[in-house]
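J.: In case it's useful when we look at the structure, here is the feature table from TrEMBL:
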type	residues	note
DOMAIN	44-490	domain 'Major facilitator superfamily (MFS) profile'
TRANSMEM	41-63	transmembrane segment
TRANSMEM	83-106	transmembrane segment
TRANSMEM	113-133	transmembrane segment
TRANSMEM	139-160	transmembrane segment
TRANSMEM	172-190	transmembrane segment
TRANSMEM	202-221	transmembrane segment
TRANSMEM	347-367	transmembrane segment
TRANSMEM	396-423	transmembrane segment
TRANSMEM	435-456	transmembrane segment
TRANSMEM	468-486	transmembrane segment
Amino acid sequence: MEPSAREPLVRKTRSSYRTFTESASKRLDKEYLRSLHNKRLYLAVFAAVLGNFSFGFALVYPSPVIPALEADPSPALRLNQHTASWFGSVFTLGAAVGGLSAMLLNDRLGRKLSIMFSALPSAVGYALMAGAQGIGMLLLGRVLTGYAGGVTSASIPVYISEISHAGVRGMLGACPQLMAVLGSLVLYALGKYLGLVLDWRWLAVAGEVPVLTMIILLCFMPNSPRFLLSQGKDDEALGSLCWLRGKDTDYAREYEQIKDSVRKQSQRISCAEIKDPFIYKPILIAVGMRFLQQLSGVTCVLVYLQSIFKKTSVILKPEYDAALVGLVRLFSVAIAAVSMDKAGRKVLLFVSAGVMLVSNLTMGLYIHFVPASQNGTIANKTLVSSANLPAEPTNYITLIPLLATMFFIMGYAMGWGPITWLLMSEILPLKARGVASGLCVVVSWLTAFTLTRFFLWVVEVFGLEVPFLFFAVICAGNILFTGCCVPETKGRSLEQIEAFFRTGRRSFMR
């Protein structure tokens, strides 16, 4: 389309963008409806979220591997409580470093190339763990896969939000969490069935498959139109949006809106601009959500899931319990994916935090009040050494920790899991999106590292009920934070959300 032919369209679009009247919004929705059926958009999202599949796979890798390594015949590989805690937690330290580097990568390479870059450390990390001859190689492999996870955590949600249509952004924004859950579930399944005929090394080999598939598919996917426009690549951005929406749609209108929004923002954010509420408010909200999400205890539960189930001696075997929890998590994220564009983000966040609060409180009170003779624990003081203890349930009351964990994961997966990532990519202003998303990931995974590193120590000193009661208190704080700080972004374009923070006028969000 020639520039002269686009001028009337530009003026019309800018006018509607400034006012956001109800009739204009409805007309815009009808004009974009056809673009929702373009299969190329969903292919691009699928290619990207394979990185999240690998992330979910790597995150819970210690769950079935730690029990195997505790009994490994090689002294160089055998884990004790100290090395097991490092093996479980060092992934999150690598993820924090990955999030830190994503601050630079997202703005220099772009969202798509940053995701592709993560494939290198991920592949090397899995190779190191598959061929490990000592604990050092295991830990280095965990750090590298964690680094890759940190990069993808900061890049994939931003990439998806920037290529998605507003009408399906909620659903597509839940896909990273959905694929991470699926990756964890596949790990649990492989840990159970590969463990019958093969050793734990083959789990690392299996982790290479989604990494290689992702990088091959992404070679054929476009970059984010918003990123391309911010780099002055107008023609390439128009071609990218055409590919994502389809040639027979009115993608030029959306292109002009995006271009108008990008034009209002400088290429780089300065220190003086951070004082602007338009910049710091959404950053504080996004960082706060990531911080509270990790403090709710989800990473500790996922990393030490089988060990926790061994300690509480639920009625099923720990590996079956882990797989069952994985299925519940997958089902819950799927519910969130189809409902967050209808029910809204805040409603699901309230429900999610409430369910997690009740579940953590139930788990903590159960461990504290049920005698060790009934819950199958011995002294309630260690997780790792329990691998060598008999885990024979003596009462059906031992189903309580399984049900509590299932509801905790269900609550997390319905709200505070996928929505925190989605809101991070939605509310951050374009000029700070690359840096701020990396900051969110750094805060998130440094918090997760601290929790997973000292979780076993806290259990050893104070007992297993203490961390769960602490997580319950945090979930109560999540409810207050949602009500006071989190805006509703359902059905709003990224430009409307930016206008809301820039002006503080709620009319932009109606």
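Glycine is treated like the rest: Cβ placed from N, Cα and C.
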J.: With contact taken as 3 or more Cβ pairs under 8 angstroms (pairs 6 or more apart in sequence), are the transmembrane segment (396-423) and the transmembrane segment (172-190) in contact?
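T.: These two stretches do touch.
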J.: Name the range, of those listed as 113-133, 202-221, 347-367, 435-456, that has the largest tally of Cβ pairs under 8 Å with the transmembrane segment (41-63).
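T.: Stretch with the highest Cβ contact count: 202-221.
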J.: For the transmembrane segment (202-221), which partner among 83-106, 113-133, 139-160, 435-456 gives the most CB pairs under 8 Å?
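T.: Checked against 83-106, 113-133, 139-160, 435-456; highest Cβ contact count belongs to 113-133.
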J.: Check the domain 'Major facilitator superfamily (MFS) profile' (44-490) for me and report the mean pLDDT.
T.: 81
J.: Taking residues 6+ outside the transmembrane segment (113-133), which of them lie with a CB under 8 Å of any CB in it?
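T.: For the transmembrane segment (113-133), the nonlocal Cβ contacts are 48, 51, 54, 58, 61, 76-77, 98, 102, 105-106, 140-149, 151-152, 154-156, 159, 201-202, 204-205, 207-208, 211-212, 214-215, 218-219, 223.
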